[in-house]
């Protein structure tokens, strides 16, 4: 289907509002899982690395399944996927309230809730990109703040609900709130096509000519009919040998009595249906081959290849603070009297500010969004190196604010991806990149937790995290240098509508 030109307004603003609340409702609890993490440590008595898998799966499994999520959104549309995913998120949260052990939480909270969040994220980003072009950076920045506002509110809300109703009651109430996703998803009206629908095609025309890859000579009508008759007679001969000859003679008499026109019609139908089934199978196989060929073309783009490495390393090192910062403060023996606001809430509100500011900056023509994204990666690495030196609530709060603001680069990541591969390949490329982001989200917190279990302190863990993020930033910066662009333009041609980053180019 060919969509009409993005309106950059109108119903698009309704899409922005409902996408904001969708991300608010689905990501509020998983991003603020650090509050639940402390309760699960006390309730189940497992190690930090083992318990951290719950939160890391909830935030990573949806991204790991991004290729599948992209296929679902492309096949069924954003609205049905959003409504179905709302049931998944709400059901997973409610099931988690009855968890008897940590392994049950891996499935109910980690996999079910995480997969639902991944489907919702892909649906909201895809439909927003369809409705906006010139204001895409602002629109993506606005909807992505929903998860950050959810982190800010749910961090305090879940702590209050735990004090009033306990951990189980908290999860039941949060799950009930997530049912509002159904109302938001029902408003995600798809963008109409630009022209009137084409005339209905026949069954033979529905299979494109480019998928007709068989070059063998088709059998004649008489050959097809003879094969069918022979198969029928052979089956009778096997089942009843004495009657074989009689059945053959009877078959010939019946065949001779059929009208010639009816027999020709029957023959044509048999051949037509046989050919159609063949071509349909060939088409499906050709689609799979085309998908992998397009994937290989994407990885020939050096910026895209460096981008997937950078997002993997960034999520390995940059995600753990949002999950473990509360435990870092407790490990530093910070008094609760100095606790003016949960550190996770600070990360959440500053992430909102960062997403808005970075999203607005991405719309300026003089701003190169790739270099802006690289800058946030390098600054995040430096902030992670500083965490082991923070021994008071004030310093941890400042670092939490800085990390939260820089984590707002998620708002410009779809923008960078679109400019790198083009809007036509956004769903395909974004699904691949989100898979590696989910891998980083899933591995980061458990790795940091295991470092603590081995060393009984977080210093080594955050040195490792800072190194990962800095490495990813430097690799992406190297791939974006003008000399690489010159080599790329000479060695290979980029696909259509592909954005080539240069120092003097506009984002």
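Even glycines carry a Cβ here, placed using N, Cα and C.
TrEMBL annotations: computationally assigned, not manually curated.
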Q. For which of the residue intervals 12-40, 215-243 does TrEMBL record transmembrane segment?
A. 12-40
**Q.** From 265-285, 370-390, the residue range that TrEMBL assigns the feature transmembrane segment
**A.** 370-390
(Q) Three or more CB pairs closer than 8 Å, sequence separation of 6 or more: does that hold for the transmembrane segment (137-157) against the transmembrane segment (339-358)? (A) yes
Q: Considering only the recorded stretches 52-73, 169-188, 303-319, 339-358, state which has the highest number of Cβ pairs under 8 Å to the transmembrane segment (80-98).
A: 169-188
**Q.** Same-chain residue ranges lying at least 6 outside the transmembrane segment (12-40) that approach it to Cβ under 8 Å
**A.** 6, 46, 51-52, 54-55, 58-59, 82, 85-86, 89, 93, 102, 105, 113-114, 116-117, 120-121, 123-124, 127-128, 131-132, 139, 142-151, 153-155, 157-159, 162, 167, 170-171, 174, 177-178, 180-181, 184-185, 187-189, 322-327, 330, 342, 344, 348
Q. In the same chain, which residue numbers or ranges, 6 or more beyond the ends of the transmembrane segment (396-417), come under 8 angstroms Cβ to Cβ?
A. 125, 129, 136-137, 140-141, 144-145, 148, 307, 311, 318, 321-322, 325, 328-329, 332, 334, 340-341, 343-344, 346-359, 361-362, 369-370, 372-373, 376-377, 379-380, 383-384, 386-387, 390, 426, 429-430, 433, 507
